[in-house]
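Peer 1: The structure follows.
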């Protein structure tokens, strides 16, 4: 393949100041989305603690906050057998693992994945694609011959959102070290050796070495030059290229079938890249002298309901444009004016193929931001359902709020608060919803405020603490007993160790936004400070915020959030996320808070993140038929289950039933999720292939989740089901019926489908409760008149 290296015409982004990796200003002040939400000191609301689990390998002199939920977080801590990976992609890196030979930085670049089967479990049938992982193998390790009997010291000397600089150094010798700039999408592993003798180790047999200058007399054991092409005996066969960029050529000796060792100490840069195919060798040669050292990110809105984010890569040199690998979602949204696409690809760890791009600045655009705000796009339910919905709302509002919202943990309490907040919202927006009962609307809002007040005062069963070490808000329960906790690191789903913050905070932020929207005067100052502290903890865009880390949960390169926080034994499969909708719920909540407070940059930023989340969800988490990023048998699962950087697992953390695996991807059902994120195409495929057969048999609250999701494509069938089935603890019957009845063509869908399938005589599959005729005078009677054949129907 012919390839011409070009210098992209870069659009310069002015940066006045930044938190490493996050630019604070774009070219137009009015368009900038990285604007402070607040500078309020959270210690005036939340008692402060210093987190008990400190990073072991962070440079404490640079003043930076150690990231807790980042792709680089494993670098800061020890792990079991030193096997916790760092995944810049397309390479996976492990430090000081015990897989034989001198310790160093191990490179893994698997072209094939390991698929594992699961036996039949509960209502989940046998699958030959229960999980997908990468085998742990030393493809190539960068080390030093001086480290044969010592373990090098390690330190992360600098970091930003897109990179970390790792130093391995000889103990008691600060002048002998290797610096590794580890950067997202890096096409090469870069190692800056200082006064150490390079050594390259592989668990595979090295079957050939080609040097660009000369070989030894016997043509077998010693090689000299600035470029070495190494071929392994793995399957499929791998070829790596080693580039020596120092002042003098490098001389390597093949010590045995697995080791290449330099003849003397070396000072200079060595770069290593996997060669996917012979035709890409000239491309790697042309880009070898320019490497990434980090990056800045900015985001801006435009005038056409769109927004974009820009990654400006930092490099060691402007000698040539940078070569970087991009994920699938980058390729579908990137502005090609600043980059050159190539045909060179490598497999990522779990996101499918990555494609190499040439260019120092990436601008990625989202042109269709969600139009959803507080209510469904068609906010009024079908008029024939209003009386029944109001009857159910009366029942739900008459329930015991304290029992549902004052539980022992914040997660389930937050779910309860949000479900009651949705009722207060639709009653108090009666001009749009047509659900008119002013007295009941006031009761709903008053009861919601009373239930929310203990959280606002931080007097709930598990109060929050402000952590001065990692600069965040944590639950007390998982802290040591000396700090008032239980010593149970898993308490609150690991919230005290920074797991699931966007899930937990999302429910509270949505609730707070609704209260402030309906009554802007209620505890206004404290509510604003409290809510914005929770937002800043998860999604802080302020470059100068001294109280919170930047973008704790959000990953601008991956295009989605990470849930997993600090893991004392290491995150052995990398970062993870299970519930996409609960991450959506947080960003929707941030969007609503922006609307409620008139903070347009926050609203647009959250809208951009929702759009990027939607894009990446259908690339990596939820799989439409024909998805190219996964093996076909994984695609047939329709959802990943638990997604890790190094593994996908068709299960959940809390059990293995189909309704669990798929249902956790459907809650909480909100207008944002129903109207924008979950598409009819995907819901139809998932229902036909996975859920339609089991939904009528589910006798747990998951049935309520499944049928409310089904309402996206078939509200007329879902509505009577939702009258009967159990509800999830974050779901009310009245709001479920309301959402269902707001779906476009609520009744006409049924009639059209019936006429289209007039040859069938099969009734819709609905859960039975023995009272099918209970509402004969209401919905069922009208439904049967519209659908006289009692036909099964599904709308696509």
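Glycine is treated like the rest: Cβ placed from N, Cα and C.
When I checked Swiss-Prot for this same protein, it listed these features:
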- 1-24: signal peptide (SIGNAL)
- 31-276: region 'beta-sandwich subdomain' (REGION)
- 219: N-linked glycosylation site (CARBOHYD)
- 277-367: region 'alpha/beta subdomain' (REGION)
- 382-759: region '(alpha/beta)6 barrel subdomain' (REGION)
- 400: N-linked glycosylation site (CARBOHYD)
- 428: N-linked glycosylation site (CARBOHYD)
- 504, 576, 578, 582, 660: (1,3-beta-D-glucosyl)n binding site (BINDING)
Peer 1: Check residue 428 (N-linked glycosylation site) against DSSP and tell me helix, strand or coil, would you?
Peer 2: helix
Peer 1: Which one, from the binding-site residues 576, 582, has the smallest tally of other C-beta atoms lying within 10 Å of its C-beta?
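Peer 2: Each of the binding-site residues 576, 582 was scored by Cβ atoms within 10 Å; lowest is 576.
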Peer 1: By Cβ count within 10 Å, point out the most packed of the glycosylation sites listed: 400, 428.
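Peer 2: Comparing the glycosylation sites 400, 428, the most crowded Cβ belongs to 428.
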Peer 1: Counting across all protein chains present, how many other Cβ atoms fall within 10 Å of the Cβ of residue 504 ((1,3-beta-D-glucosyl)n binding site)?
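Peer 2: Taking all protein chains shown, residue 504 ((1,3-beta-D-glucosyl)n binding site) has 28 Cβ neighbours within 10 Å.
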Peer 1: Please state how far apart, in Å and to a whole number, the two most distant Cα atoms are among 504, 576, 578, 582, 660, the recorded (1,3-beta-D-glucosyl)n-binding residues.
Peer 2: 19
Peer 1: Any idea what the Cα distance is from residue 400 (N-linked glycosylation site) over to residue 428 (N-linked glycosylation site), rounded to a whole Å?
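Peer 2: Roughly 20 Å, rounded to the nearest whole number.
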Peer 1: For residue 578 ((1,3-beta-D-glucosyl)n binding site), list the number of other Cβ atoms lying within 10 Å of its Cβ atom.
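Peer 2: Counting Cβ neighbours of residue 578 ((1,3-beta-D-glucosyl)n binding site) within 10 Å gives 24.
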Peer 1: Report, in whole Å, the straight Cα-to-Cα distance of residue 428 (N-linked glycosylation site) from residue 578 ((1,3-beta-D-glucosyl)n binding site).
Peer 2: 34
Peer 1: Three states by DSSP: which one describes residue 576 ((1,3-beta-D-glucosyl)n binding site)?
Peer 2: strand
Peer 1: What average pLDDT is reported by the model for the region 'beta-sandwich subdomain' (31-276)?
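Peer 2: Its mean pLDDT is 96.
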Peer 1: Could you tell me how many residues in the region 'alpha/beta subdomain' (277-367) are helical, how many are strand and how many are coil under DSSP?
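Peer 2: Result for the region 'alpha/beta subdomain' (277-367), in helix, strand, coil order: 17 helix, 44 strand, 30 coil.
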Peer 1: Does residue 660 ((1,3-beta-D-glucosyl)n binding site) have same-chain partners at least 6 apart in sequence with Cβ under 8 Å from its own Cβ, and which are they?
Peer 2: 652, 654, 702
Peer 1: What Cα-Cα separation, expressed in whole Å, is found between residue 504 ((1,3-beta-D-glucosyl)n binding site) and residue 428 (N-linked glycosylation site)?
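Peer 2: For residue 504 ((1,3-beta-D-glucosyl)n binding site) versus residue 428 (N-linked glycosylation site), the Cα atoms are 25 Å apart.
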Peer 1: Whole-number Å only: compute the distance from the Cα of residue 576 ((1,3-beta-D-glucosyl)n binding site) to the Cα of residue 428 (N-linked glycosylation site).
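Peer 2: It is 38 Å, counting Cα to Cα.
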